[in-house]
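Visitor: After the structure tokens below, expect a handful of questions from me.
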Amino acid sequence: MPPYLKTLLMALSVCAFVPTRLMAEVKVFAAASLKGVLEEVVDVYATATDIRISYGSSATMARQIGLGAPADLFISANQLWMDDLDRKGKLVSDSQTPLLGNGLVLVSGRDQVPIEEWASLPDRLLGNKLVLAQVNAVPAGIYAKEALQAVGVWDAVAQNIVQSDNVRSALSFAATGAVKYAVVYETDALAEQRVHVVGRFPEGSHSPIRYPAAMISGRNNAQAEDFLAFLKGPIAASVFVAHGFTVLEDVQ
């Protein structure tokens with residue numbers, strides 16, 4: 001083989017591998033309730049950046065980041081776990097953004113009759129179960145307990161409650177009919193055709209449901225900053241709204 005041809009083939013071989021090796025990567029840890037919508041946002045993010053998203057309860061994601069998991073961005077389903085990371089010095093200063101809002105609903109895969117009065121819920125739960133995300137750690141579970149207490153039925157339904165690892169698993173239990181009811185985010189109900197919304201908790205019955213986003217310190221990832229800026233922009237906002245989220249005023 002002529003020397004010039006060997007050189008050309010070697011050059012082409014190197015070029016073929018460069019984009020893969022040099023492609024920027026952003027690792028995002030996100031609340032389970034963002035699964036689906038974030039993937040759609042990534043689809044419209046027109047860059048060569050490789051966005052990799054891990055989903056789970058905000059509690060689990062925050063604990064992993066606190067232990068040194070390699071995340072560039074964290075999107076929590078409440079402020080509690082974001083503040084915990086901030087106290088530990090895990091966040092880039094001034095990078096926090098209150099990104100989204102959500103609502104809280106009671107859903108069922110077996111019951112389509114709306115609840116007129118929350119006081120009727122204990123009777124409707126006779127012989128049945130109500131699933132919540134973990135009420136002492138997972139944001140959706142924390143909000144759910146607050147709401148059930150606010151409408152005055154927590155003590156009456158406590159014996160019927162089972163707890164799941166995150167809000168999407170709670171949704172799945174209701175969707176498959178494994179339990180009669182679940183308390184989930186409004187956006188979860190919109191994303192799952194097998195469940196029906198039978199009750200909406202008043203906005204004032206629980207702490208405001210907010211999704212803050214922040215960059216993780218020590219990563220020095222400029223592409224993560226670019227992606228966070230995109231999440232706060234109008235294109236991402238239109239996707240979030242289409243999925244039922246509230247885009248907070250200072251984001252757009």
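Yeah, the Cβs are placed from backbone N, Cα and C, and that goes for glycine too.
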Visitor: With S33, A140, V167, Y185 listed by TrEMBL as binding molybdate, identify the candidate in S54, S58, S108, S217 belonging to that site.
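Guide: So the molybdate site in TrEMBL includes S33, A140, V167, Y185 plus, from the candidates S54, S58, S108, S217, S58.
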Visitor: Please state whether DSSP places A140 (molybdate binding site) in a helix, a strand or coil.
Guide: helix
Visitor: What is the number of other Cβ atoms found within 10 Å of the Cβ of Y185 (molybdate binding site)?
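Guide: The answer is 31 other Cβ atoms.
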Visitor: For S58 (molybdate binding site), which residues of its chain lie six or more apart in sequence with Cβ-Cβ distance below 8 Å?
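Guide: In sequence order, A31, S76, A77, N78, L80, W81, V138, P139 meet the Cβ cut-off.
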Visitor: Given the molybdate site residues S33, S58, A140, V167, Y185, which other residues of that chain have a Cβ within 8 Å of the mean position of their Cβ atoms, reported in sequence order?
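Guide: In sequence order, the nearby non-listed residues are A31, A32, S57, A77, N102, A133, V138, P139, N166, R168, V184, D188.
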Visitor: Taking the Cβ of A140 (molybdate binding site) as the centre, count every other Cβ atom within 10 Å, in any protein chain shown.
Guide: 32
